[in-house]
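Asker: Below is the structure I would like to discuss, written out as structure tokens.
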Amino acid sequence: MFNEMFSYAFMVRATIAILLISPLFGMVGTMIVQKRMAYFSDALGHSALTGIAAGVIMGIANTTVSMIIFGICFALLLNYISRKGLSSSDTLISVFASCATALGLAILSRGGSFANYSAILVGDILSITSAEIIQLIVLFVVILVFWCISINRLTAISIHATLAKSRSISVRVMEDAFAVLIALLVMLSIKWVGILLINALLILPAASSRNISENFREYTYLSMIFSIFSGVAGLFVSYFTDMATGPMIVIIASVIYFATYIYGKDR
Amino acid sequence: MKKSKYLFVLLLLISISVVLLGGTFFYVKLNNKQSDDSGLLVMTSCNPVYLATINVVGDAEGVTVQNLSQPTTGCLHDYTLTTEDMKNLSKADVLIVNGGGMEGYLEDVVEAYPNLPIIDTFEAVEEDYPVIIEEEDEEEEEDHSHGTSEEHHHDEGTNSHIWMSEEIYAGQVQAIADGLAALDSSNASVYASNADTFVSVMDSQIDNQGLDESLSGANVAVLHEAFAYTAQSLGANIVATMDLDEERQVSAGEVSDFINAINENNVQVVFAEYDYGHAMGELITEQTDAKVVYLETLVHGDYSGLDYITVLNKNYAVIKNSL
């Protein structure tokens with residue numbers, strides 16, 4: 001059964017892609033949940049549409065490039081506006097996300113052509129190419145290096161920003177660098193995961209791990225284990241049952257969340 | 001405490017694995033389709049092409065025709081391939097497509113299976129048959145110069161729903177027979193004679209009920225690009241087109257232009273697809289004197305044998321009854 005599965009090149013590529021993306025989601029998701037940035041990453045996912053629209057308007061053939069540039073600018077802008085503190089951050093993120101999504105939809109649906117871009121809503125991991133896997137490997141290395149260097153500082157900021165500042169940690173630089181990192185991860189994986197589900201994959205494994213973890217190390221490792229397990233199991237089930245991969249991964253991740261929630265509550 | 005937690009995680013993951021493996025195993029057992037690996041496996045991209053191909057292949061020895069899974073809603077442009085499709089394509093000897101930008105996933109297939117021969121029926125008929133090329137305004141043309149071709153589901157403004165014209169469909173049937181004969185010379189004569197038979201059955205059995213006379217030169221409007229070919233087959237003159245699908249967001253200006261065009265040109269009948277054109281159809285019935293008829297595009301559902309002829313006759317009967 002499994003021999004046949006790996007005789008198809010598209011399944012080998014999809015499995016490699018899942019093994020590269022899912023630990024990153026598990027890892028970065030922990031800090032997103034810790035820093036209460038779930039809404040921020042969701043807004044970034046939705047802004048992918050605007051990134052594509054910007055690429056179409058500027059005549060950029062590879063819209064992934066315009067998506068990444070727009071995503072980074074959008075993330076930094078959200079951080080900048082939030083720091084100004086003119087309004088509560090969830091309201092600001094909501095306003096900017098709605099505005100960006102509407103702008104993207106308006107441009108892409110001009111002349112009734114939105115159907116051409118609708119595939120990005122649900123994603124398609126099966127059509128990933130070898131060149132795109134190399135992109136994911138580079139992303140994997142970049143995020144891993146950043147994580148190893150910055151995890152202590154990020155944790156300190158997430159616990160108490162003022163205290164972190166007093167210990168010579170540049171809060172602003174670290175927050176911006178982390179926002180750029182989320183933008184890179186979201187924009188480079190959105191084509192395979194889909195706008196509608198990307199936030200679930202970022203949040204669910206970390207939230208499940210948080211239900212039962214007692215320290216940050218455990219929190220990170222369990223989140224990565226849950227994320228990889230959901231990714232691989234979801235891909236296998238979708239292969240044999242002919243259902244879409246993204247939703248299957250999210251269903252499995254949700255089951256893990258509910259189980260850990262019940263276990264964590266009873267402890 | 002920690003030990004019991006890790007035991008819980010281990011048990012949780014094992015339980016989920018067991019449930020998934022068991023469920024998947026039974027699902028595979030129940031849905032296991034034994035396919036014959038020997039002989040020629042011909043894959044087709046959509047229902048109209050599938051119907052043409054099964055009629056061309058007939059009972060040719062050692063040839064199996066299989067259709068890719070079909071979308072149950074929407075159009076083919078934005079359909080994404082399933083794992084089952086990818087598995088079938090990896091075993092296929094040839095893929096027959098409608099072409100003209102209709103199959104948005106074709107670039108992915110070419111990339112994944114560079115050695116798979118593809119018979120593009122649109123390419124084969126576009127020179128010699130009346131393929132509709134839509135006029136684009138300058139603004140749209142400028143847009144088309146940007147971005148890649150995959151971002152546009154119709155190549156260069158051509159209307160790729162060519163199967164809706166029985167004349168062009170006959171050309172597609174011929175192109176399929178020629179393409180298969182080139183790949184499988186042992187059955188070449190079978191393909192040629194089956195294609196001739198199918199085209200002559202189409203000629204004799206498709207009955208437009210005199211609509212080519214009653215609607216010849218008459219003004220009509222369409223709410224789906226596919227019906228531009230229905231209008232063309234009947235010699236009607238299209239004065240307004242609005243292509244509706246599940247993701248189409250129509251602006252107020254577009255609706256008023258469409259309604260004005262119907263009123264100003266004294267349009268008698270509007271061709272629409274029920275799923276996506278019903279709401280707009282109601283509005284048009286309310287605002288104009290035109291009659292809205294709901295026709296089939298042959299894209300959704302299970303079809304077999306001579307269903308192409310049945311569906312076209314049904315469409316013509318619906319139009320006839322509305323007049």
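Using the three backbone atoms N, Cα and C, a Cβ is placed for every residue, glycine included.
From TrEMBL, for reference:
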TRANSMEM  A:12-32  transmembrane segment
TRANSMEM  A:52-80  transmembrane segment
TRANSMEM  A:92-113  transmembrane segment
TRANSMEM  A:133-156  transmembrane segment
TRANSMEM  A:177-207  transmembrane segment
TRANSMEM  A:219-240  transmembrane segment
TRANSMEM  A:247-264  transmembrane segment
Asker: For the transmembrane segment (A:219-240), give me same-chain residues lying six or more residues beyond its boundaries with a C-beta closer than 8 angstroms to one of its C-beta atoms, as numbers and ranges.
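Answerer: Residues 1, 5, 11, 14-15, 18-19, 21-23, 25-27, 29-30, 34, 125, 201, 204-206, 208-210, 212-213, 246, 248-253, 256.
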Asker: Name the range, of those listed as A:12-32, A:92-113, A:133-156, A:177-207, A:247-264, that has the largest tally of Cβ pairs under 8 Å with the transmembrane segment (A:52-80).
Answerer: A:177-207
Asker: Flag the pair the transmembrane segment (A:12-32) / the transmembrane segment (A:133-156) as in contact if three or more Cβ pairs fall under 8 Å (sequence separation 6 or more).
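Answerer: These two stretches do touch.
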Asker: Are there residues at least 6 beyond the ends of the transmembrane segment (A:92-113) whose Cβ is under 8 Å from a Cβ of it, and what are they?
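Answerer: Sequence-remote neighbours of the transmembrane segment (A:92-113) are 39-40, 42-43, 46-53, 56-57, 74, 77-78, 81-82, 86.
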Asker: Which residues, given as numbers and ranges, are at least 6 beyond the ends of the transmembrane segment (A:177-207) yet have a Cβ under 8 Å from it?
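Answerer: Non-local partners: 17, 21-22, 24-26, 28-35, 37-38, 40-42, 44-46, 48-49, 51, 64, 67-68, 71-72, 74-76, 78-79, 120-125, 128, 132, 135-136, 139, 142-143, 146, 150, 154, 219, 223-224, 226-227, 230-231, 246-247, 249-250, 253-254, 256-257.
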